[in-house]
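Undergrad: One structure, as structure tokens, below. Some questions next.
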Amino acid sequence: MAIKFGRPIEMRDAPRRQTTLAANPLDLAIRPRRNRKAEWARRLVRENMLTTDDLIWPLFVVDGHNARTPVASMPGVDRLTVDQAVRDAERAAKLNIPCIALFPYTEPSLRDETGSEALNPNNLVCQSVRAIKKEFPEIGVLCDVALDPFTSHGHDGLIEDGKILNDETVAVLVQQALVQAEAGCDVIAPSDMMDGRVGAIREALDEAGYLDVQIMAYAAKYASAFYGPFRDAIGSAKTLTGDKRTYQMDSANSDEALREVELDIAEGADMVMVKPGMPYLDVVRRVKETFSMPTFVYQVSGEYAMIAAAAGNGWLDGDRAMMESLLGFKRAGADGILTYFAPKAAERLRNGE
Ligand SMILES: NCc1[nH]cc(CCC(=O)O)c1CC(=O)O
Ligand SMILES: [Mg+2]
């Protein structure tokens with residue numbers, strides 16, 4: 001038999017057997033299955049790859065000492081006291097995860113109409129940034145900018161007569177970003193979807209001398225049902241009145257996502273993000289192709305919860321579903337992924353799985 005496959009090493013690895021011909025073989029010149037016949041062949045033609053460098057790990061922080069409290073709707077995810085957040089930062093550093101993201105559970109007594117705790121230079125987020133940066137200065141720390149963890153009504157902005165105010169909110173977000181930059185945050189990530197906040201924050205950061213602090217804009221963020229477990233985790237699920245559809249995007253739209261992203265880039269965003277992830281892969285693709293910017297995607301709490309819950313019930317192979325979903329983001333064109341699976345995925349990647 002003629003050698004069709006070239007290099008002899010392939011013969012050693014996978015000796016070919018004479019195939020018994022079917023009674024009526026199809027006359028096919030092209031058989032796509034040839035490239036899938038063995039693991040080495042699949043590896044050779046593989047188009048996309050997930051690496052640990054693609055991962056950002058979101059952590060929830062809570063007041064207290066030496067405690068980890070499970071988030072019921074996110075099996076495997078805990079709220080961490082600051083000392084424990086430092087331990088998870090260490091885990092991230094050891095796994096070579098480039099960046100972590102911080103979200104606070106604010107005590108209800110500290111929440112008010114205007115979210116004033118967001119501007120407390122000693123709030124949980126700022127304490128965590130300082131503690132983590134002190135022990136692990138080499139790991140990137142990203143901080144969300146939005147008021148929802150701090151407001152009594154659970155909205156991302158200031159409210160007047162039931163309306164979310166844009167420009168007044170932006171003025172507060174600018175102060176919040178400065179407080180976080182002062183604490184040592186590396187990446188400011190405005191997640192509020194107010195108009196004009198990226199430009200205002202960039203200008204204020206530059207004026208204050210934080211020229212190197214990056215901005216990752218939640219540029220195309222949709223009003224989504226998939227944020228449910230996150231709102232449990234930060235304790236805004238019960239207090240949130242109404243929905244966020246006057247500022248977060250309508251899930252029916254993707255041209256609008258391009259206009260949003262374009263504005264944030266023009267205002268100075270260093271990186272842009274699409275959120276949620278799995279139901280919006282088309283948006284990730286369009287954004288990446290249109291702007292060639294570092295493009296991130298957030299696999300949000302509800303996406304995590306779906307996979308974790310189904311895996312917990314034995315309905316699907318959780319690890320495989322996790323890796324498949326993350327690879328899907330890469331295939332769509334994402335440069336990086338915020339995901340609660342980050343440490344688990346990094347462990348698998350480290351073990352060559
Ligand atoms: N603005 C706050 C914020 N930042 C990240 C998320 C969601 C993250 C997740 O679901 O994992 C939200 C929730 C929201 O907008 O209501
Ligand atoms: Mg916008």
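Just so it is clear, glycine is given a Cβ too, placed from its N, Cα and C backbone atoms.
Copying in the features that TrEMBL gives for the protein in this structure:
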type: ACT_SITE; residues: K221; note: active site, schiff-base intermediate with substrate
type: ACT_SITE; residues: K275; note: active site, schiff-base intermediate with substrate
type: BINDING; residues: E260; note: Mg(2+) binding site
Undergrad: Of K221, E260, K275, listed as recorded positions, which ones have a Cβ less than 6 Å away from ligand 2?
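TA: Within range of ligand 2: E260.
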Undergrad: Is K275 (active site, schiff-base intermediate with substrate) helix, strand or coil when read with DSSP?
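TA: Once the DSSP labels are grouped into three classes, K275 (active site, schiff-base intermediate with substrate) ends up as strand.
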Undergrad: When a 10 Å sphere is centred on the Cβ of the residue listed as 'Mg(2+) binding site', how many other Cβ atoms does it contain?
TA: 22
Undergrad: Validating a neighbour-count step here. Other CB atoms within 10 A of the CB of K221 (active site, schiff-base intermediate with substrate): how many?
TA: 27
Undergrad: Taking the Cβ of K275 (active site, schiff-base intermediate with substrate) as the reference point, list residues of the same chain whose Cβ is under 8 angstroms away and which are at least six residues distant in sequence.
TA: S191, Y218, A220, K221, Y222, S224, V297, Y298, V300
